Structures are given as structure tokens and as C-alpha cells.
Amino acid sequence: MSNAEYLSKDILEDQYIRSFSPFHYVEVALGTSRIHLRNRFVTSPTLSQKVYSLVCAGLACGLHVYVTITYFEKYYKYPIIYYTFVSLASMHFMTFACNIIHLRFFNTVENQEFYVQMQQLDRMLKVHDCINNMQYLYNIYTVAASILILFCTFICGVFLHYLLAIGFIGILYGVLCCALEWMHCASLLIYFYLRIRYINAIISNHLEGKLVLAEIKHFRLPRRSLLRHLASSVHDFESSPVDLYVAALFDAYSTFQNLYRFQLLLFVGNFFLHCLLSFFVEILSAQKGLINRETWIEFTDMPAISLISTLTAIAISIRCELFLREVMRTRRLCVNVLARHYDGVIRDKAKRILRTLDARPPSLSVYDMWHMHAGTLPAVTNILTTLMVAILQFVLL
């Protein structure tokens with residue numbers, strides 16, 4: 001009986017699976033999925049999936065070498081431009097290789113447990129299907145936009161030369177794998193944001209009275225009134241173990257940080273180096289007269305990749321900030337509960353929530369080197385612009 005109960009906790013619900021399906025199906029096709037999902041159970045990637053990933057990585061490596069030999073050689077008479085292009089391609093391949101190896105061969109058990117942990121959190125919160133529908137819509141829009149931008153970039157490569165386009169498949173494949181994993185990280189931030197906002201709706205209903213909407217027009221935005229309406233039918237702050245909900249949410253969030261901090265390190269490093277190297281090679285190419293009406297399309301790939309990285313950085317920074325602000329609101333609501341109740345079970349529950357918030361910082365830490373929030377992107381942009389001005393002075397003066 002205990003074994004059956006254990007298995008029942010590991011079964012994933014259809015709505016939960018559907019909410020992350022846009023990322024999962026594409027990642028399975030690309031060979032970068034962290035998990036293997038079958039019959040509503042989640043397991044580690046199979047041996048065949050790991051072999052498939054290694055084959056894809058080997059083909060990508062061969063295509064990178066092919067592009068270096070057949071395409072970059074025309075810049076060989078400009079040594080600085082040539083080696084900068086080679087460095088860019090090598091950097092993207094190394095980022096891709098580190099990413100796919102980390103996804104498939106490291107933390108396999110932890111990744112499996114993380115998805116079960118999120119499902120158990122949803123069961124505790126009795127999350128309504130419309131919240132998972134919101135997550136599904138956000139994810140499918142994100143995946144579609146990322147693929148569309150890279151597809152347009154590939155079409156530009158086709159116009160250059162058919163055979164060269166085959167080589168560019170390897171570069172764009174690696175960029176797509178990394179971009180989707182980074183956007184998946186941003187998607188999980190939305191998951192935690194929606195759940196902490198839902199918990200805040202439970203506390204708000206206790207302080208302000210339950211809110212019941214006569215008509216619900218749409219479920220695309222997590223409006224506070226909508227979440228309070230959904231929470232009012234299944235939760236009550238006095239009887240529901242909201243403190244346990246908060247503790248379970250931050251347990252899952254800590255696991256998320258441990259699993260995705262390496263991807264965030266790769267992202268920031270790749271974003272920083274790509275912007276600098278691509279800016280440097282564009283300036284040098286313009287100075288040498290290599291960019292003209294016939295060749296300008298050749299230099300659109302690097303700005304397109306920079307655009308994807310910038311959008312990803314904006315998405316991660318904004319969603320980290322949204323989660324931080326919602327946690328701050330949780331703290332304010334609990335303080336209001338303490339001001340209203342001078343003793344009793346409700347006051348003790350609010351105290352336990354505050355202790356959890358004090359013990360579990362909500363900031364997204366990258367190996368304790370920096371924290372992701374709304375100010376991260378402006379800070380990185382400030383450093384980049386300073387270095388770009390230095391590059392301009394070095395090239396033009």
C-alpha cells in the first residue's frame with residue numbers, strides 16, 4: 001500500500017504536463033530535454049536519448065568546422081576579422097556543448113524530482129486549471145517567437161548560398177538549444193510568480209473578505225481579482241496550511257536555483273561576449289568596406305542572435321523582479337495579519353510565513369556572484385556600452 005501511495009504522488013496531471021508541453025516537445029526533438037516523460041511519469045533521460053544528444057552535438061561540431069573552412073576563409077586576408085569570426089563560432093559551440101552535456105548528464109535525479117516537486121505543490125494549492133492554461137499560453141508564445149526569429153535568420157543564410165546554409169544549420173541549432181533552455185528558465189519564474197500571487201490572494205481574502213466575481217471574461221492575465229475569486233472557493237487562511245504552502249514553494253524555488261544557475265552563468269557569459277565580439281567585427285568590417293549593398297545580409301545573423309539574447313535577458317530580469325515584488329507583498333500582507341490578530345493560531349501562522357521568508361531569500365543567485373533582478377540588465381548594459389566605446393576608440397582613433 002505504501003508503494004502505491006508513493007507512486008500516486010509521482011503521477012503528473014494532464015493539465016500540469018500540458019502547461020510545459022511546448023518546451024518539452026521541442027527540447028525532446030532537439031535532444032536537450034532534462035527529463036523523459038512517459039505515461040504521466042517523469043524519469044531521467046534514457047540511454048538512447050543521451051546517445052541522440054551526443055550525435056547531435058557531434059554533427060553540430062562538424063557543421064561549425066565546415067562553416068569555418070568554407071565561409072570564414074574569405075576573411076583570411078583580414079586576420080583580426082577572421083579570428084574574431086572563428087572565436088564567435090567557437091564560443092557559441094562551447095556554450096552549446098556545455099549546455100547540452102549539463103542538461104543530459106548532470107543532475108538527472110534532481111531534475112526528475114524537481115518536476116514532481118512542482119506537481120505536489122500544485123496539488124497542495126489546489127491550483128485551478130486556468131492558471132496552468134496561462135502558463136501554457138505564455139510558453140507557446142515564447143517558443144513560437146524564438147523559433148520564428150531564428151528561422152528568419154536561417155532564411156537570410158539561404159539567400160547567401162545553399163551549401164553554406166547547410167553549415168549555418170549547426171550554428172543556429174546550437175543557438176536555438178541554448179535560447180530555449182534560457183527561456184524555459186524564464187518560464188519557470190512565471191510558474192513561481194503565479195503560485196506566490198495565488199498564495200497572496202488567499203491572505204488578501206482573509207484581510208479584505210472573499211471576492212466572488214459574477215462573470216469571468218478571460219484567463220490570460222493573472223489579475224488579483226481573478227486569483228482571489230479562484231482561491232475563495234477552495235482556501236481559507238484560517239483553516240488552510242498557508243505556511244506550509246509558502247515553505248513548499250520556497251523548497252521548490254531553491255531546487256530551481258540549484259538546477260538552473262549554471263544555465264544562467266552560461267547565458268550571461270555568452271550574452272556579454274557575443275555582444276562585444278559581434279560589435280567589434282561589425283565595426284572592423286564597416287571600416288574595411290566589407291559591408292555594402294551586396295553583402296549587408298551576411299551581417300544580419302549576429303544582430304539577430306543579439307536580439308534573442310537581449311529579449312531573453314529582459315524576460316528573465318523582469319520575471320525575477322515580479323517574483324521579488326510579489327514576495328514583498330506577501331510580507332506586507334503577513335504584517336497586516338499580525339496587526340489585526342494579537343494572539344492565536346492565525347498570528348502564529350503569519351509568523352511562520354515571515355520566518356520562512358527571512359530564511360529563504362527570494363533572489364535568484366548565480367553562484368553567489370550576482371543576483372538576477374530588474375537592475376541586472378541595465379548594469380550589464382552599462383558595462384557593455386563602456387567597453388564598446390573603448391572598442392570604437394581603439395578601432396577609429
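Glycine is treated like the rest: Cβ placed from N, Cα and C.
Any TrEMBL annotation is an automated prediction that lacks curation.
Residues 30-32, 45, 86, 89-90, 92-93, 96-97, 100-101, 103-104, 164, 166-171, 173-174 of the same chain, all 6+ positions outside the transmembrane segment (51-69), place their C-beta atoms under 8 angstroms from a C-beta of that stretch. What TrEMBL lists as transmembrane segment is 51-69 (among others).
Taken from TrEMBL, the feature transmembrane segment applies to 81-101 (among others).
Residues or ranges marked as transmembrane segment in TrEMBL: 136-164 (among others).
What TrEMBL lists as transmembrane segment is 170-194 (among others).
Marked as transmembrane segment by TrEMBL: 264-284 (among others). Sequence-distant contacts of the transmembrane segment (264-284) (same chain, at least 6 residues past either end, Cβ-Cβ under 8 Å): 78, 80-81, 84-85, 87-88, 91-92, 95, 98-99, 178, 182, 185, 291, 299, 302-303, 305-306, 309-310, 312-313, 316, 364, 366-367, 372, 380, 383-384, 387-388, 391-392, 395-396.
For the transmembrane segment (304-324), the list of distant contacts is 92, 142, 145-146, 149-150, 152-153, 156, 175, 179, 182-183, 185-186, 189-190, 192-193, 196, 264, 267, 270-271, 274-275, 278, 362-364, 372-377, 380: same-chain residues at least six beyond its ends, Cβ to Cβ under 8 Å. Annotated transmembrane segment per TrEMBL: 304-324 (among others), in sequence order.
According to TrEMBL, the feature transmembrane segment maps to 377-396 (among others).
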For the transmembrane segment (377-396), sequence-distant contacts whose Cβ falls under 8 Å of one of its Cβ atoms, 6 or more beyond its ends: 268, 271-272, 275-276, 279-280, 283-284, 287, 313-314, 317
